[in-house]
Amino acid sequence: MAAVAEAVNIDAPAEKKRKIEEPTVPEAEVKDKPEAETGKTDAEAGKKDAEADAAPAAGEDKEPELVGEKKERAIIRQVEYYFGDANLNRDKFLREQISKNEDGWVPLTVLVTFKRLAALTTDFEEIINALVKSDEGLLEISDDKQSLRRHPERPIPEHNEERRKEIQERTAYAKGFPLDSQIADILDYFSVYEKVCNITMRKYLDKTTKSYKFKGSIFVTFETLDQAKAFMAKDKVVYKERELLRKWQKEYLQEKQEEYQRKNEKRKNKKESKPEPEIELPKNAIVMFSGALDTTTREELREVFGKTEGFDVAFIEFNKGQTEGAVRLTEADSADKFIEKVENKIKLNDDVSLTLRKATEEEEKEFLDKAIEFMKKRRDFSRNKNKRFGRKRGNDNNYKNKKARGD
């Protein structure tokens, strides 16, 4: 029997939570996975994949119960996956369990709390009877048949950049599997190849059902580059009467990265080509005033002009120390109406009244041009500021309030 050392399914124990990162793809490969495909950071994607592979997604049927040799092969694959290179490099919980024993033995009582193995069996005798038939040489069984350990002569390879690239060189992408495929069937299908050491069922989170769905594609890692080349060199590879599309993983990831960059560039160009909306301010809405005191403030003027019912103040052009200024109302053609309503004067206090008049055509143009230029600069500054801090302007309550006032 061709042993498949590493299965796709990693899970968390039913009673103790394990922190697992990127269970579905060897860690070395994940670093090249484009964000266009995941939409998340590597760590976030790994956590989601762990949840997806730990158990059937909500609303999905469980995999059919296995019996006989098929079940034995599944037990071997699952246990050897736990102790395999890809999993141990990232499975903190299992490494902690190994370190608890001086000789690296892990009790079966711990292993049967892992969901995927528990879904197959929790019978110690059944697990041991299956493992003794493995020709992989990865595991040792304790004399009392109560514990397992990785063979001391099979140390975990150092996981560095060189090894990451080496793993990727012997990993292929295959697409065309039925969407209802089960991992056990895919593993059995690849058992004829010498020798597959890891299979990844690629999944996505369906927002409607909030469950993980199979994409119909996998990553398959072979023991050697020659074995991977032999798989890729075949004229045709068929799974259940479906011809599979095959690519090298490196080629596939590069294509996805380029696709992501093109989409980004397209979005950027579309955004840049979209003209900025013109800023239009109401006409015939500027009231000029004179007679203010040296101590008069803009806040006092806003309060005074705001008392006139039916009119809202958008902006006041005035600096403390001046005696005259201008008020822009929010509604077009409101200047004459305002002046008429207050009879050309408005009381600043009991002793002082402001004299009002409508702005001339030239005064209005100068005022509005200056206001529009100021508003454009403020818009550009706000956009650049929000880009730096990753905040959308529309969520800025302060901005909303100012915009409503017309400031």
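The backbone N, Cα and C atoms fix where each Cβ goes, glycine too.
According to TrEMBL, the feature region 'Disordered' maps to 1-67 (among others).
The compositional bias 'Basic and acidic residues' annotation in TrEMBL covers 13-51 (among others).
Per TrEMBL, domain 'HTH La-type RNA-binding' is recorded for 65-158.
Among the features that TrEMBL reports, region 'Disordered' is placed at 143-164 (among others).
For the compositional bias 'Basic and acidic residues' (153-164), the DSSP counts in helix, strand and coil order read 4 helix, 0 strand, 8 coil. The compositional bias 'Basic and acidic residues' feature in TrEMBL is assigned to 153-164 (among others).
Look at TrEMBL and you will find 170-251 tagged as domain 'RRM'. Computed over the domain 'RRM' (170-251), the whole-number mean pLDDT of the model equals 92.
According to TrEMBL, the region 'Disordered' annotation covers 258-277 (among others).
The compositional bias 'Basic residues' annotation in TrEMBL covers 383-392.
Taken from TrEMBL, the feature region 'Disordered' covers 383-407 (among others).
Note on the region 'Disordered' (143-164): residues 27-29, 31, 79, 83, 85, 88-89, 98, 101, 103-109, 111, 124-125, 128, 131, 137 of its chain, located 6 or more positions outside it, place their CB under 8 angstroms from a CB of the stretch.
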